[in-house]
Ligand SMILES: Nc1nc2c(ncn2[C@@H]2O[C@H](COP(=O)(O)OP(=O)(O)OP(=O)(O)O)[C@@H](O)[C@H]2O)c(=O)[nH]1
């Protein structure tokens, strides 16, 4: 339609000019006819003849002119009209031959004939190139070019790869890293050899496809990095993406994307590089699994070590430190007390008449009593204070930073608690169970942890000897004395 209108604008004008010329010639003739009708009415043929002579003389466009009656006779003529008006059909005007009727008394009387000069010589080309032919020709040629232009664009659309020069494609094919160029719609316009080989695809199959729809494992609403690069105008680096292949395998790519912009920074597409890191990721996963397993084994070993340590250090019946572990602590605390100058106390205690408990209630009840005593002793300790099962029904307590008077008070509290609580631990026991305590501290110049424990044992012996169910503080052998009862 545009072509037609444009053609009409050019060629339609030419036909308008011709039409206007013809109309003006017709008007001239009609004006002559009006004048001549008046002259004919007065039979003034002479004036008509004179007018025709002048007309031909003065107007270069008019070759001849005549006044012809209805019966075909020429009444007046000029410019050798007879010859110039040969073979002209009566009553029909053309561009060069114009004829207008003359009336007399309302009757057709004759015709004014004017032969206009031929226009510029009409060449064969001009003859055939009438406005219509010109218009048709113009539409054909312009239509052809418009069609060619449209087809070129269409083909370019159908073959998006055509926008990338071959030398660029060849250069990119040399790279070992996959390279894909997409247009502003995310459609592939170039995929280099490394990429097509990696995903087992044909380069031409990929052209025009949306890169985002090749089968990537994407989260819901996730925007692929090359589209993000186009949206933000910024490069998107080190994005890891997984591509599910037709055979079910999954490739992992490290993807870098940069926007391709025009001079006005408008995104025209994006370039994305794909580095296949599938093997590295696999190895990383294996490594991480191994590290996890190692961690588990290490935790297991630590747990076992912890258990072993507990088993090695703790007494299985009461959970208190065993004798060996207790002495390790005692040595450490003794050294620390010596280094710091603080006082370290030791309590040794023994359940009174425990043989009778076993004998009366059975060995099981005896075990429960020992456990209950151990629990009371453990619960009564704070911070660095340590309870050890010294043997049988005998316990030993380490009290760092505690003098013997404080230790005796602690012993007294424990003695009272045992007496009040232990017999309640088993419903079969129907009598209170008592215990005896011996107390000492480093203030009495014990030379070692062993000596300290030994002195506490001596004080305990004194408690037993002096009637049991009491706490005795160690005194030099000559003068042990009772602290409380
Ligand atoms: N049930 C039980 N009994 C034990 C355990 N270890 C030692 N005994 C018993 O504890 C009793 C200790 O008795 P003795 O040392 O004679 O002293 P005692 O009867 O407590 O009398 P005194 O200490 O003099 O008041 C023994 O009969 C041992 O068999 C144990 O783990 N469980």
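Cβ coordinates are placed from backbone N, Cα and C, and glycine is handled just like the others.
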Range among 82-104, 105-127, 128-150 that TrEMBL annotates as transmembrane segment: 128-150
Annotated range (TrEMBL: coiled coil) out of 259-286, 287-314, 315-342, 343-370: 287-314
Reported mean pLDDT - the domain 'PAS' (164-209): 90
DSSP-derived helix, strand and coil totals, residue by residue, for the domain 'PAS' (164-209): 18 helix, 11 strand, 17 coil
